[in-house]
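According to TrEMBL, the protein has these features:
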- 49-162: domain 'G-protein coupled receptors family 1 profile' (DOMAIN)
- 6-28: transmembrane segment (TRANSMEM)
- 65-85: transmembrane segment (TRANSMEM)
- 106-130: transmembrane segment (TRANSMEM)
- 142-164: transmembrane segment (TRANSMEM)
Amino acid sequence: MKNKLFFHYIPLGFVCIYTFGIHVYFIPLFPCKPNYSYDLSAFVCGGPCYLDTFIPSVYDIIIDIMLSTGVLLVFNLLMISRVINYKQRVSPSTPVSNILKKNRQMILQLLAISLMALINWLPWIFIILVQNFYDPSFGEQFITIFLHYLPYFTTFASPFLALINLPKIRAEFKNVMRQLMTTLHILNLTPIMANTGNEVSASDSVSEILLKEQANKNDDGKKPPTYETLFSNTENPIQVHEQSQSRYQNTPAVIMLQSSPTQSMDHIKSYMC
């Protein structure tokens, strides 16, 4: 209970109180310069006045943003290493690769959230530090267009990154994507089937539409030739008919139609041998 108090409740309480207190001081209570005025045409009216002061601005960037982002990454890596170390002590014969494979969902969740926070905040930290120490006009347009909105994705995307690795959520997501792909396939198929003469009505089910599509194809994926297309490719349709008749006259089905039952069985045996 003592460890839980010092390592769980006190850090959480300190973070909540510190975050609320530091922003109450910096935004409504910070003493602004007498000539400071908010720009109503700028983003968030130009921002709070403490950003124009060197020490509070650098403190906010390093302690409140840079340190918290680094702590998030470091503690997630420590948690992953602790899980691997604990599993290896429980079963020393198990290789580390198998432990990583069994805990890959947790590792992916933690690393995805950490890397997303780093990607969103590192450009902001770099540009603000350059503005404070070297060039005040460095990256102003980039901050105005992109970086003001980029950190919001960390808050919005964190629940989705945590949920997407759950097995039930992933299965449901795959079902939704499968239904979407089937719908898109049917929508793309409808004008093609209309050109081939098969009408698709609103009452047709997915299986009926797919059966209509399959009816337009033979084994090699092409439409079966009609009499018009068959005879249009030759100069003598009668010759084509005679060739097809001679091709199939020795098959068992034709033999059975042309002979008696006893003779047909003999013909089939001789054909098979």
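Positions of Cβ are set from backbone N, Cα and C atoms, glycine also.
Predicted, not measured: the structure shown is a model, and the values here were computed from it.
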Residues of the parent chain within Cβ reach of the transmembrane segment (6-28), under 8 Å, 6 or more residues beyond its termini: 48, 50, 56, 60, 64
Tally of DSSP helical, extended and coil residues in the domain 'G-protein coupled receptors family 1 profile' (49-162): 97 helix, 0 strand, 17 coil
Model confidence over the domain 'G-protein coupled receptors family 1 profile' (49-162) (mean pLDDT, whole number): 80
